[in-house]
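**Q** Just dropping this structure here.
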Amino acid sequence: MDIAGLLTSAGINIAICVVLLSLYSILRKQPSNASVYFTRKLVPEPVKWSDPFCLERFVPSASWIMRAWQATDEEILAAGGVDAVVFMRIVVFSIRVFIIAAMICILLVLPVNYYGQDMQHKQIHAESLEVFTIGNVKEGSKWFWTHCLALYVISCSACVLLYFEYESITKMRLAHITGSPPSPSHFTVLVRGIPWSQDHSYSESVEKFFSTYYPASYVSHQMVYRAGTVDKLMKDAEKMYRVLKTVEPQCREISMPCCLCGGTTHSFKVLNNEAESVKSKISDDGLQPAQREKERPAAFVFFRTRYAAVVAAQVLQSSNPMLWVTQLAPEPRDVYWSNLSIPYKQIWLRKIATLLGAIVFMFVFLVPVTFVQGLTQLDQLSHTFPFLKGILRQKFMNQLVTGYLPSVILMLFLYAAPPTMMLFSKVEGNVSRSGRKKSACIKVLYFTIWNVFFVNILSGSIIRQLSVFSSVRDIPTQLAKAVPTQATFFTTYVLSSGWASLSFEILHVYVSKYESGGQFWPIVHNTTIFSLVLTQIIALGVFGIKRSPVASGFTIPLIFFTLLFNEYCRQRFSPVFKRSPAQVLIEMDRQDEQCGRVEEIYDQLRSAYCQFPLIARDLSTSQDLSTAGNTWQNKDQGSSQDPESLKPGNQLVKLNE
């Protein structure tokens, strides 16, 4: 590929990016989309809707970009929670590392690569991109110290930025734990692997076990029931309940039959009473006779203090590790109820099965990746498809096929990876939505590293790709030989994935249903460290092939320094993301006692984890605890809302006000 092909790819991706950003700029100004784009909460902007045909609504503007970029972490935290701030930190961190690497490489590395051989250069626009890679530098050159220096600057800059980001996000997570209202997940332990007894039900076994071994801290428990037809009916009833609850006030305001609803005002009252009677029968009569048959060997156990819950979650409860397995419960909105019914003894088998399935899927993906790499080699493509020779002789088509199509086709194939990994993570048996997405995220990372990086640089026949990794000792050498030859592909891939692909995400609006407290940052940290070490190993192999002992000697300490830095961060920050400090939990328990919130917390624990939310809502309403319920279920009320409650009409009225 030459410079013209790269510019063609860059031009197409920039044009797509501009079109998508302009389209978003227009759509966000439309009154009908006011309840969709929540950016208005973060970036306030006066909206003029007096004239429905106002020209300003249909003209793209770029002012929102600077306003969104200038938003502070406090504003993002208030609007989207800790996870939103962490996501923006990931974006900003990536941009900073990219800017540093780009400046160092453009000003220092590229000139050395370009003049690395004694050769007659063409005009710059006709030059091949290979002359800008390290492969163009002759063996034994004294200029490899520039590459080593660039490697040191990029690695040290990335490590410094990682440290400050990790430290800041850790403090933010601790502040989130201590500053948020009391969460039921802090007092709750999820118990699985409850042993079966012929004399007692699962519920009686749980009560007997924790009353015996935790008599001072055990409060109560909530069993998990088998989900099936009843669960589906309850969800359908909940949807109807929302509809009737929304329409009912409109019908009460009139004294004549409601033509819109097709009945009188009393018909809704009768229907509501019937629904309440049905729900009361389900909750009081329907579940009790079949309670023992529907119970699953899992339960939510509630404790008096946060510290007692943490101790119970981390201690081995039985001499048989497969029985009475405990862990801190996810927050109520984060619970993945369908996986709680899975027997704990099946979890390890499911993990092995999903691991094998993911590996098979990764190897099946070799076919499209090999096809994509074939597009980058015009000689091989013309030989395989002779009828394309005439088309490929055209300059623009040549640049389009070699510079743009391979990365786009690969990106389209990669869109199948996230839903597939989400399915694997569901089958794996994760009990929380955040845990399922976290597991899928890790699988997608492994999938991307293998297929986008290793398979592409070692492209060819599948037999050759497998034979390359037959000897672990040869991996650095093979990577050092292959990476410079594939530099042009990765350049176009970064353009497509970093510009056009990410721009598509701006017509998407994500409504957070739970708060993980920044649990995804350790994944970003570990992935960055892996990328740095892999880059350094490849550089070490390249310096060895190019016979530069000085550069090779200085690269080895850099690898050890990066690994030591990672170990320090793992010891210093990572434990905070795995478990909460006892000091913080005890202080929070003492504050609850001083403020007199203990009894209120106990009253709310049982209704917090209810498998049938419709019954839970009615119980909390009948006890006149709606205010406390809002504290439990909507503790990040400015950050996330239930999708069902996001009515365009209501949002429009609020914006007009």
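Including glycine, each Cβ sits where the backbone N, Cα and C put it.
Where the annotation comes from TrEMBL, it is an automatic prediction and has not been curated.
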**Q** According to TrEMBL, which of these ranges is transmembrane segment: 293-315, 523-545?
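**A** Range annotated as transmembrane segment by TrEMBL: 523-545.
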**Q** Within this structure, do the transmembrane segment (523-545) and the transmembrane segment (404-424) have 3 or more Cβ pairs under 8 angstroms, counting pairs 6 or more apart in sequence?
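**A** Checked: the transmembrane segment (404-424) vs the transmembrane segment (523-545), no contact.
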**Q** For the transmembrane segment (523-545), find every same-chain residue at least 6 residues outside the stretch whose CB is under 8 Å from a CB in it, and list them.
**A** 90, 93, 97, 134, 139, 144, 147-148, 151, 155, 158-159, 162, 166, 438, 441-442, 445, 449, 476-477, 479-481, 483-484, 551-552, 555-556, 558-559, 562-563, 565-566, 569
**Q** Should the transmembrane segment (6-27) and the transmembrane segment (143-164) be scored as in contact, given a threshold of at least 3 Cβ pairs under 8 Å and pairs 6 or more apart?
**A** no
**Q** Sequence-remote contacts (6 or more beyond its ends) of the transmembrane segment (90-110), Cβ cut-off under 8 Å?
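**A** Distant contacts of the transmembrane segment (90-110): 132, 134, 146-147, 149-150, 153-154, 157-158, 161-162, 165, 520-521, 524, 528.
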